[in-house]
Each structure stands twice: as structure tokens, then as C-alpha cells.
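Undergrad: Pasting in a structure now, in C-alpha cells, and then I'll have a few things to ask.
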């Protein structure tokens, strides 16, 4: 017998709501930006979700005859769990746990599970054959991929059990945990790893903005002629990244501008103080960004992401897949973090060998090798969402991961280094800083029209390949105090401090002028 008290609320027609002006109490809750793409926000205008076979999926009943809330599969929804994340089971089941984890989120993620033998081999090589440094590095590098993928998958399963916006933030955070662990292991190694950390910070942002976003545009553009996304995702993300980049490169500009006017020791000390102040300010900016997404504009992002789910052509297949329970999700996260931590420690221990014995530069390891492996799960998730035409989800993961690197992970490693007495300043190589600003300007131009295609994706990937080629030939810093570009001039030859400062001022002035023109034109 049905219980009318538990029936879902009946929504009134949209036409009646337009005659009711918002009051002071509900004005924030109904906040929406001017929609340039109304179909993205209100997919129900199309009459429901249409599958490839031409059929339309009707929204399933939300309550059973006993008055209990159920999801699309008829499972009774546990309290505080989102219906899409309800597994219909409780506690821990070994067979279901292994089968669901191996299946992962997509075919590409499933294939990465074939690399688990390298994870085991890395542990064996490290403890039994530590003298084979090259093989330890290779097995650790490959073994990091399935462990990072498991972190991302377990985080995604856990995120399904909470509201959409908080779930995306949690999922992105789990994707960044691998990076945080790597940074912490590197900073614990002392001042010798500072150069690698600096390169890895900017390399992570470049990998997200150019390689991952470019791959999303390219793969999505092949299967969908033109994809669209909402301005609330693209504008906020790109503008916040530009502001974060300015905060990151200010210590670099300060150092290079005053080279020759202050002593090297004083420059290092002042740049370190500015870096620590910048870290605190960036952390505050991250808190404001979280409040913006989770509290003040939560309804807007919730509408955008829920509408994006309806655009997934195989969403009915994803909903039908078995889910991990809350306990299984937590166990998967813990197991993945253990393996990621082992791989990170073993990998970092081999960096010195790769630099000095194999002649691979710090710039290439930090800018290219480390970011690709640490962001593997995040990249696979975003590309799969672009393939499913969920560009708002893909952008949320790509831009969200970049923002977390700039506003959370970087300040954390600076503050931890401060506590350990390590001079972890944000005095980047001038080459890295300029490339970062240029990359953000390029991506900002592509996001401005709220549309994407495979051409834009291919161009982003080509820019990233060009950066990778340059990083391969970029020399290591030849002094322990300062960077190569600051101590030896931009071209690697000895120049005066005044000439170096003049060149820096010209480069920065042109970049700032270009950024202001682009923002004014948008």
C-alpha cells in the first residue's frame, strides 16, 4: 500500500514561476547566469534522454510501495547516499570488490589494470635488486599508473554517494592526492629536490591545460562535430587559473628583476619570504573558490552537472553497472594510497640516478615525466567524459585539477618545506613561468566561445609536445643558489643583471598586455 506522505514533490510549471519575483530570501537559491546555451541547463526541453536506438528513457519511480526511496535499479537508497551511487549491498564482498575494481570506469581505465604486475615487480626490484636503478625507475613509473587509476576510480565511486558538486570536488581531490604524496616525498628529500618540485608544479598545470584538455577536445571532437560547455565552468576556471598563475610567478619576476641590484643571498631570502606569503594568500583563494562552488553558487553548478549527465548517450549502461559499497570504496582508497605511496618513494629515490647517470634534465623529469604519471587517472576520467559528450564534467576535472595544483598543492608543499626548514621558494625557471602564462592565454582563447572541436584539441597537444621537446634540451641549474636563467641569463650565457632585468620586464609587460586585451575582448 502506498504512502502519500512519501511521494516525491510535484513540480509546478515553469511558466508560473516567471510571474513570481524572487524575494530577498530565495534570490540566491535561484541564481543563474545569462544562459547562452539553454539546452545545457534545461535538457528536459528535449523531452527526456534519448538513446542511440531511438528510445527515450523515462525517469524511474523514486519511491516504492513501502514509501522508501529507490534508485534507477530499484535499490532502496541509504540515507545520505546519492541514488546513482547506491549499490544495493552493504559492507564488504571480496568477489564483487575485485570484479568492480578491475572493470573500472572505462575501457582505457580497465586496460591500465593490466599494469599491476609492474607494481609488484617494482617492490621486488626495490628490495631485492636495488642496484638496478634504471629497472627500478621503469617498473615504479609504470606501476604508478594502475595505483593512481585505482585512487581515481575509488574516489569516483565514493563521490557518487554524495551531492554532485561536492562529489566532483572530492573526486578531483582524490585525483590530486597522488600529486600531494609525490610532493611530500620530494620535499622530505631536502633541498636537492626543490628544482624537480618547481618543475613538477608547473608541469602538472601544463599537462592538464594542454595535454589533457587538448586530448578531451580532440577525442570529443572526433565523435561529436562540435561540443559546447557552460560559461560558469569555463570562465570561472580560466580566470581563476590566470590569477593563480600570477601569484605563482611573482617571486620569479621579483628575483629576475632585481638580479644585479641585490646580493644573491638577499635575493634568495626575499624571494623565499614572498613565496611563503604567496602560499598563504593562494590557500585563502582556494577556500573562497570552494565556498563559491559548494555554498553560494551550489545550485548553479548542480544544475549544470546534472544536465550534463543527461547528455551521456550511454548513461543507461553506466547506471546499470554494479557499484562499490561505501565500505568497499574506503578500502579501495586505502589500498590504492598504500601502493601509490610506495611507488612515489621508490620513484623519487631514482631521480638523482636518472639526472646524473642517464643525463635526463630536471626540467624534463619535472615538467613531463612526473605530471603524466601522477595525473593518469584524472586524464583518463576527463577523456572518457569528453567521449560521452559531458564537456562540463570534463572541464570541471581538468580545470579543477589545475586549480587545486596551483591553489592547494603548491601552497602545501611550500608551507611543509617551511616547517622542515627547507628553502622551498616559488622562484621558478623563467622559461617555465613564461610558458605557463602563455599556455593559460592559449587555453583561455579556446574556452571563450564555449565551444570546442578536434582542431583546437590537436593544437593544444602540439603546443604541449613543443614544450616537451624544449624541456628535453633545457639544461639543469648549474648553481645551488638561484636558477639557471637568473644566474646565467636567459640564453645560458653570462649577461649583466641590468640587461637580464630589461628582458624580463619586456617579456612580462607583453604577456600582461596580451592577457588584458584577451580578457577585455571576451
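Placed from the backbone N, Cα and C atoms, the Cβ positions cover glycine too.
Please treat TrEMBL annotations as automatic predictions, because they have not gone through curation.
Pulled these from TrEMBL:
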type: COMPBIAS; residues: 1-16; note: compositional bias 'Basic and acidic residues'
type: REGION; residues: 1-58; note: region 'Disordered'
type: COMPBIAS; residues: 18-28; note: compositional bias 'Polar residues'
type: COMPBIAS; residues: 32-58; note: compositional bias 'Basic and acidic residues'
type: DOMAIN; residues: 133-294; note: domain 'Sodium/calcium exchanger membrane region'
type: TRANSMEM; residues: 135-153; note: transmembrane segment
type: TRANSMEM; residues: 165-189; note: transmembrane segment
type: TRANSMEM; residues: 195-224; note: transmembrane segment
type: TRANSMEM; residues: 236-254; note: transmembrane segment
type: TRANSMEM; residues: 274-292; note: transmembrane segment
type: TRANSMEM; residues: 324-348; note: transmembrane segment
type: DOMAIN; residues: 331-472; note: domain 'Sodium/calcium exchanger membrane region'
type: TRANSMEM; residues: 398-420; note: transmembrane segment
type: TRANSMEM; residues: 426-447; note: transmembrane segment
type: TRANSMEM; residues: 454-474; note: transmembrane segment
Undergrad: Can you tell me which parts of the same chain pack against the transmembrane segment (398-420), counting only residues 6+ beyond its ends and a CB-CB cutoff under 8 A?
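TA: 168-169, 172-173, 175-176, 179-180, 183-184, 186-188, 194, 197, 201, 204-205, 208-209, 212-213, 216, 233-234, 237-238, 240-241, 244-245, 247-248, 275-276, 278-280, 282-283, 285-286, 289, 375, 378, 382, 426.
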Undergrad: How about long-range neighbours of the transmembrane segment (274-292): same chain, 6 or more residues beyond its ends, C-beta under 8 Å?
TA: 169, 236, 240, 243-244, 247-248, 250-251, 254, 403-404, 406-408, 410-411, 414-415, 418, 424-427
Undergrad: For the transmembrane segment (454-474), which partner among 165-189, 236-254, 426-447 gives the most CB pairs under 8 Å?
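TA: Most Cβ pairs under 8 Å with the transmembrane segment (454-474) come from 426-447.
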Undergrad: What are the DSSP helix, strand and coil residue counts for the domain 'Sodium/calcium exchanger membrane region' (331-472)?
TA: 118 helix, 2 strand, 22 coil
